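Since the structure comes first, as structure tokens, the remarks are kept for the end.
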């Protein structure tokens, strides 16, 4: 069954007012406390439900399907139970979506830009990850991370973020398992062909970091997570660089690429 990394929990959200679901890293290990300084936890009154990436002191990039009412963002978080001294919490001041996104089409232009209600300060556990200077190459080793489920079928959410390395694959690899994706979708295909490592429920909106650059946003994949020949699909950040930079510069009428 194919699910947007957030849709796995969507029914739960509707029934329990939790939040839209994302995915967690299956087949990974606990992240080093200092290796996810740009990772943002997006949460509501009950739980973490998505992640995002801090790209400067005032802006966060995540998936459009992570939008919800009354959410907050935590930066500098590692353990949900044992807070770091430098953790900072922010509210969204403004949220931006592609104005040319097809209405009610969750598969189209899955990216959201959030302006924080006040800037954050760099610290031991907080630092932005800049936008990519060039697109990634097939074969690149990419890093995934998040508080998503660490088991492929049942939702098992960890107290700390998990990390794993996967490979950037040719886009054609993701077409057979996901024929519903638009032919012109600006996405990346990444995973392990034999399966076992993948983002999963509650990882949605988090980063795909290839060769140290923020290249993708957790978007779409299969459920159960981590299946062979069913890699994850990630929104391609590089293709949205101009739109992001235009919004930050104050051109709120900017449109995304088709």
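A Cβ is built for glycine as well, from the same backbone N, Cα and C atoms used for every other residue.
Per Swiss-Prot, signal peptide is recorded for 1-18, and the stated evidence type is sequence analysis. Annotation source Swiss-Prot lists domain 'Peptidase S1' at 25-249. Annotated disulfide bond per Swiss-Prot: 31-163, 50-66, 98-256, 142-210, 174-189, 200-225, in sequence order, evidence recorded as sequence analysis. Per Swiss-Prot, N-linked glycosylation site is recorded for 44, and the stated evidence type is sequence analysis. Summarising the annotation, Swiss-Prot assigns active site, charge relay system to 65, 110, 204 and lists similarity to another entry as the type of evidence.
Structural mapping of features recorded in Swiss-Prot.
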residue : record         : contacts (Cβ under 8 Å, 6+ apart)
31      : disulfide bond : 78, 145, 160, 161, 162, 163
98      : disulfide bond : 64, 109, 111, 240, 243, 255, 256
189     : disulfide bond : 168, 169, 170, 171, 172, 173, 174, 231, 232, 233, 234
210     : disulfide bond : 136, 140, 141, 142, 143, 168, 216
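Separation of the C-alpha atoms of residue 50 (disulfide bond) and residue 204 (active site, charge relay system): 5 Å, rounded to the nearest whole number. Candidate recorded positions: 65, 110, 225. Nearest to residue 204 (active site, charge relay system) by Cα distance: 65. Distance noted between the C-alpha atoms of residue 225 (disulfide bond) and residue 66 (disulfide bond) is 19 Å. Ranking the recorded positions 44, 65, 66, 200 by the distance of their Cα atoms from the Cα of residue 110 (active site, charge relay system) places 65 first. For the domain 'Peptidase S1' (25-249), the model's pLDDT averages out at 96. Just so you know, the Cβ of residue 65 (active site, charge relay system) picks up 24 other Cβ atoms within 10 Å once every protein chain is counted. If you take the Cα of residue 200 (disulfide bond) and the Cα of the residue listed as 'N-linked glycosylation site', they are about 19 angstrom apart, rounded to a whole number. Cα-Cα distance from residue 65 (active site, charge relay system) to the residue listed as 'N-linked glycosylation site': 15 Å (rounded to the nearest whole number). Take the CB of residue 256 (disulfide bond) and look out to 10 A: across all protein chains shown you find 20 other CB atoms. Residue 44 (N-linked glycosylation site) is 11 Å away from residue 66 (disulfide bond) when you measure Cα to Cα.
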